[in-house]
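Novice: According to TrEMBL, the protein carries these features:
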{"type": "DOMAIN", "residues": "B:58-242", "note": "domain 'ABC transmembrane type-1'"}
{"type": "TRANSMEM", "residues": "B:12-35", "note": "transmembrane segment"}
{"type": "TRANSMEM", "residues": "B:65-84", "note": "transmembrane segment"}
{"type": "TRANSMEM", "residues": "B:96-118", "note": "transmembrane segment"}
{"type": "TRANSMEM", "residues": "B:124-147", "note": "transmembrane segment"}
{"type": "TRANSMEM", "residues": "B:168-194", "note": "transmembrane segment"}
{"type": "TRANSMEM", "residues": "B:225-250", "note": "transmembrane segment"}
Amino acid sequence: MSDSDRLAPLSVTGLHKSYGHHAVLADLNLSVEPGSFVCIVGPSGAGKTTLLRCLSGLLAPTSGSVRYGDRPVNQPLAEIAVVFQDYRGSLLPWMRVRDNVAFPLEGRGVSRSARRARADECLAAVGLPGVGDKYPWQLSGGMQQRVAIARGLAYDAAVLLMDEPFGSVDAQARFDLEDLVLRLRRDLGITVIVVTHDIDEAVYLGDRVIVLGGQPATVIDNLTVDLGQDRDQIHTRALPRFAELRTRVLTRIRGGAAAPDPAPPAQLDVSRT
Amino acid sequence: MSRTFLVSALNQLWLPVLVIVLLWVGTAGSTNFYFPPFGDMVGAMGANLAHGGLLEDLWFSLKNILAGLGLAIVVGVLAGLIIGEHRRLRESLGPVLDFARATPTVAFVPVIILTLGIGATPKIFLIFLGSLWPILLNTISGVEGINPAVLETARSYRIPWQLRLRRVILPGATPQIVAGVRVALSVAVVLMVVSEIYGSPVGLGNFILRSGSSFAVTDTWGGTLLIGLLGYGLSVVLLAVEHVLLGWYFQRPPRVRRNTQGLALLEREALTR
């Protein structure tokens, strides 16, 4: 498959999803450009996970469409890897860490030695060299989520879809994982979509933050995060612009009108390219 | 490890040793025709094994129980995996399976002897029939009980069905399959004896029947003891196999394990109704 087929925008058009008579998502439109980092944020029960499952092809929309490039996403695609919130359930406890990471490759008929090499490479990329022979349940929560990310990388997808990926780990591990994902995106040029309820996390990570709201949920705001590519936990979060953006997202989630986006301070314009 | 192992072994051994010593000493002076001294029973067992044809009986019985149980494991697990994977099949087969399980297999003895005669085949068939249900039903519920997150992961990483069956469904259901085999083993031992008491010229069941009806009570006790030892020996073997197959399961922290022992007990109650 050519690279232009592999790297394509993921677009959602007029997406509706109902469970029986209960509508969860309505008339939802969004588009994610290749190589971008998009955070989808919304309150609990807003249908974030439903949206992610539609994006990943695990769930069929009631109407409307999800497309990757010009192909419909009506089943999981080889270009999209999913990292689930529940790492405990999503890593297979009867397989060693290395086998877990390499498992999707086994389905593609990759040879045993190539699988092994690739798994070790991906484990090293997430900062876990040398744990391949352990079982997932011998690792801490943060480390298990790193293994899940390594599996996504080994799958060699162009898009990494993450559902509340850091929701179940402690705060310190969470910061490390956020920076890890930022670094992976920068190094590998992959598209990352993170679904989260954490506004600070969404602003810290994303190039763009898409706010879901309403009952049934739809996109109520879509803002560009002009904080540049180089972010760090201490300074980025202390920027006045960071505070402005998080205030805007929070206001929207709380049901307020979109305040006009204040012009960013001049010194930040440089990084806005 | 060796020290704790030794302590644990001693802790498990002292009571059986004490019971044997008490039995041996306490019954040594017995003149009761029906309850001969324990030492005589053991002696009779040894003598009959050495040159009374009991070894032949033991071999006959052992072959049958292994063949019947082995067949039940193969059929039960394969059918259980398929039925467990298909909700509709599971639903439509439910009542039939419940009926089959609720009918005591011993009730089939006359019919089986009539149709299959008195060779090894009817015994193997009977043991197979009785052991099948606990294995089949436990496999089905083991497949049903697999964490949905595991299945979702397999789907999103496009694991082909053969690989999914072999590396996801089968290992995921194994803890409960093993619990089913444990129950099946005790059923199989009962059926082995019963099948040899009715219409059989050979086997352990036949030995105790034969010696009993010729009032060789010590021999009968010896044979009964041997049946107990056979059952116990098989369950020890099973336990060892279990620990090899389920290393990952037993080493995990207890809070994430399902209580399959409890399930097996419920199953046993259902069987002995």
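Each residue's number is its place along the chain shown, starting with 1.
A Cβ is built for glycine as well, from the same backbone N, Cα and C atoms used for every other residue.
For each listed feature, how buried is it and what is near it?
Specialist: A Cβ distance under 8 Å defines the sequence-distant neighbours of the transmembrane segment (B:12-35), meaning residues of its chain 6+ beyond its ends; these are 217.
Nonlocal intrachain contacts for the transmembrane segment (B:65-84), taken as residues 6+ away from its ends with a CB within less than 8 angstroms of a stretch CB, comprise 90, 93, 120, 123-133, 135-144, 165, 169-170, 173, 177, 180-181, 184-185, 188-189, 191-192, 230, 234.
Within its own chain, the transmembrane segment (B:124-147) has Cβ neighbours under 8 Å at 64-65, 67-69, 71-73, 75-77, 79-81, 83-85, 90, 97, 100-101, 105-106, 108-109, 112, 116, 168-169, 172-177, 179-181, 183-185, 187-188, 190-192, 194-195, 258, 263-264, 267-268, 271, counting only residues six or more beyond its boundaries.
Only residues 6 or more beyond the boundaries of the transmembrane segment (B:168-194), in the same chain, are considered here, and those with a CB under 8 A from a CB of the stretch are 61, 64-65, 68-69, 72-73, 76-77, 80-81, 84-85, 105-106, 109, 123, 126-127, 130-132, 134-139, 141-143, 145-147, 150-151, 154, 159, 203-205, 208, 227, 230-231, 234-235, 238, 242, 245-246, 249, 257-258, 260-261, 263-264, 267-268, 271.
Same-chain neighbours of the transmembrane segment (B:225-250): 41-42, 45, 49, 54, 58, 61-62, 65, 174-175, 178, 181-182, 185-186, 189, 193, 204-205, 208, 257, counting only residues six or more beyond its ends whose CB sits under 8 Å from a CB of the stretch.
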